[in-house]
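Participant: Just passing along the structure, written as structure tokens.
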Amino acid sequence: MSTNVSSHAEKNTLMGVEFLLELPKTLSKSNKKWQLAFIKIYCSRTLLNCAKHAIVKPGLFPRSLSYTAIDLDNHHQDFKIDQETLNDLVKNKNQEKLESLGGPNGLVSALKTNTRQGINEEADDEIQRRRSTFGSNTYTRPPSKSLIHFVIEAFKDLTILILLGCATLSLGFGIKEHGLKEGWYDGGSIFVAVFLVVAVSAVSNFRQNRQFDKLSKVSSNIKIDVVRNGRRQEISIFDIVVGDIICLNIGDQVPADGVFVEGHSLHVDESSMTGESDHVEVNLNGNTFLFSGTKVADGFGKMVVTSVGMNTAWGQMMSHISRDTNEQTPLQTRLDKLTSSIGKVGLLVAFLVLLVLLIRYFTGSTKDESGKREYNGKNTKSDEIVNAVVEMVAAAVTIIVVAIPEGLPLAVTLTLAYSMKRMMKDQAMVRKLSACETMGSATTICTDKTGTLTLNQMKVTDSWFGLESGKDSTLSRKVVELFRQGVAMNTTGSVFKAKGSSSEYEFSGSPTEKAILSWAVEELKMDMEEVVREHDVVHVEAFNSEKKRSGVLIKKREGEITVHWKGAAEKILAMCSTYYDGSGVVREIRENDKIQFDQIIQSMAAKSLRCIAFAYSEDNDGETKKIKEENLSLLGIVGIKDPCRPGVKKAVEDCQFAGVSIKMITGDNIFTARAIAVECGILTPEDETNEDAVLEGETFRGYSQQQRLEKVERIRVMARSSPFDKLLMVKCLKELGHVVAVTGDGTNDAPALKEADIGLSMGIQGTEVAKESSDIVILDDNFASVATVLKWGRCVYNNIQKFIQFQLTVNVAALVINFVAAVSAGEVPLTAVQLLWVNLIMDTLGALALATEKPTNDLMKNKPVGRTAPLITNVMWRNLLAQAFYQISVLLVLQFRGRSIFGVTERVKNTLIFNTFVLCQVFNEFNARSLEKKNVFRGLHKNRLFVGIIVVTVVLQVVMVEFLKRFADTERLNWGQWGVCLVIAAASWPIGWLVKSVPVPEKHFFSYLKWKKRS
């Protein structure tokens, strides 16, 4: 009665509002919706307006005022349960509450969904209604680090702090000696240079952080299997809503909090939430609760979503976790050490220069411009002594400034950030920065077969029933019926057909499951819904890569219990003692039959087919918790074709040509594995004489550690392998000094992915567990993308080596010139401003130009760098020492004979030295484009950034020399003097060409020194 009264009152109220607003009586259905929306908005504004007049003081409600809160979006009344109850249900594992709702089935009804059909998303705004009522499956992230944060971080760098100290000293001494008007130039320019380096570094790190955030969003966008409208489909994890029915398989991440509704042998790894390593069993009789963020360790099942996003414990935890992007890669660590070493050399040289200058000054060896001795003992004023010492300290500071290569870390950051962005376009998502550079050193790649070397588009192309081919035999009704049972009940896939006779079937599940289901529906006319309706599942043994089989114990409606197994043909055959022939007669498997079955499997495998066998038994020895595994009847064998990917053979050849060994590790039998390996080019004719080239995982496992170490490098294919075999192989290869990359897609591949130097998971077929254990995700599951990652890895390493060679040439030349000039003449030809300008060229512009070179095919012609190769190779030492020696020779001639050769003043001579030095670096930047190739202009037109930076550098140099005379301490040069500078600088090209003709020993220079020390 009360319900009728309230609804009657609500109706009258609505009519009253319509009357007051003078709304028309006759409206179409769509216009009525707009009318209701208008009424809600109008009423809410009126109520708010009334509230404003009722409040006496802003922010204070009078005590006597009573008010009513009106919820205009009253969606929660559509459901029989509210969000608070749902949150309490799972978070506190409230079994009593669940029972009071009628168990999992009652909960499903309360959420207006269906275990079989899922949510009816075709209903008006059903998904949006659930999202607005219960929230979306997203969580608020911590705010990204601002640009100011990175600026402050950059100022904490020791190099920057030393430079700031030098700038302060130089500024103070300069103002004291030359006054404020001109004395600020040197110190001020160091400050400007420091701020420029800080700005570039901060902006670069800020952009890299933003890039990480974008990658994080991409990697978090997991695809989840849900059931909606009776159809199993893939949707984004962010699109899941409360009431969704989620399908869970091994390796999946539980996408939201929920309750288990059906499934078998489901075990969940809750270590991410609880820290407990033991797997938790989830079933209808005990623990039915599933937490967001946990991983499925075994079995399969379905769950109904009860809480999403911030309403889950995982969402709340993740909202407080920010991704750490301050990861130091191994190369960055090595470069930090190199920077520190060069800085120490700079400090030592600066100290020696200061010492020599002080000795020269106080022994009376230095003279002023008029030729008089600067120091005359007691006759020299104290101010003059202080000014002279200040000048000497400033010269020493200048040397420190030019010695510290602050561009090295910046170059690494730039090249890693650039390569990460480009690799994303090439179908590789970098999860760990260090993998970019480590991949360039890879010596061995252990790859999966299915989906990586092959297309993962499987289709049943051959079948055998008994000892007869499926093409030649007609199957009895009984065998067909048993096959239908074995396929429909022993699967994690599903079949969907929309209403209407013309619509096609949709198959979901793994590629193998889809191939078998498609064959059963099309060839055996299986009606999956009918078979499932007539049978109940009693017990399941889920498939995993160890057993390579799955079994199911089913009960017919009449009460008859039967057993069905399917899996790797030789594994299932070993469990059988009888077989069904095509006519349905059961025959005993004799020794001769066993040989024939083995030959059938081998012949199918030789055609690159994956062999799956089906077996059956009418009784289970009275067991309901364990499935019978012996004395089964073989129903038949099907062969599934998975064609090789186009281009995979070329990618394998490229890797082999680059000196990288490719090993295929697969769960398929040895004959299928061999056939695919030959097709892909992994097994070559030379391997035919190698008896260890192809073996089974069990054989490898059975070797002693010593035998494994002796044979592992000769192995090309490992068949019938388990994830443990893959892990064992990785450990052996690493022990022999190899840098190992491993591809993996399954949950059990996680240990091998973590153990490898570079873990490569598959973006399409890979489980979430595999992806989280990997360093790089191959988004298209294609081996050609693995070869591309190898090329990019080499490019990163090569670009950084180019920059080191370029930078060290400048460092060596500048240090030697200033040291020799300071010791011999008592002054430095290159001022602090000039040296900082050179520093700016090589630090920021040079890093940008050389760190963004794209990978070339030439990189794949070199041998792998390996684990222990030195960062600065003999080739680099040859190139940089030759160029540095040329620059030092020319500039010292200009320093000591420049005035007499060109007939110019001291300031013009110093300007010539400065201009020649800078132009030498510009021309040498071309030489640095290739460490060994003589043609340094190849592909120059493709790198517009490099050309642009060269043009900008030259323009800025002209401005420095011609227009910033007082600031840069330069004099204008005439056309002839510019021509001389360009000719001297351009000579570095032919010198570079000639030097690259000089052979260098493979053994590193420093190894000879170590050998001498040891001897």
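In case you wondered, yes, glycine gets a Cβ from its N, Cα and C as well.
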Participant: What range among 158-175, 878-895 does TrEMBL record as transmembrane segment?
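Facilitator: So the range that TrEMBL calls transmembrane segment is 158-175.
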Participant: Report, as numbers and ranges, every residue of the chain located at least six residues beyond the transmembrane segment (345-363) whose Cβ falls under 8 Å of a Cβ in that stretch; write 'none' if there are none.
Facilitator: 374-375, 388-389, 392-393, 395-397, 399-400, 402-404, 815, 818-819, 822-823, 826
Participant: Would the transmembrane segment (158-175) count as touching the transmembrane segment (392-418), i.e. at least 3 C-beta pairs under 8 angstroms with sequence separation of 6+?
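Facilitator: Contact criterion met.
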Participant: Can you give me the average pLDDT across the domain 'Cation-transporting P-type ATPase N-terminal' (97-175), rounded to a whole number?
Facilitator: 83
Participant: Within the domain 'Cation-transporting P-type ATPase N-terminal' (97-175), how many residues are helix, strand or coil going by DSSP?
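Facilitator: Secondary-structure breakdown of the domain 'Cation-transporting P-type ATPase N-terminal' (97-175): 48 helix, 1 strand, 30 coil.
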Participant: Quick test of the contact rule: Cβ under 8 Å, at least six residues beyond the ends. What residues does that give for the transmembrane segment (158-175)?
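Facilitator: Contacts with the transmembrane segment (158-175): 182-188, 190-191, 193-194, 197-198, 339, 343, 390-391, 393-394, 397-398, 400-401, 404, 406, 832.
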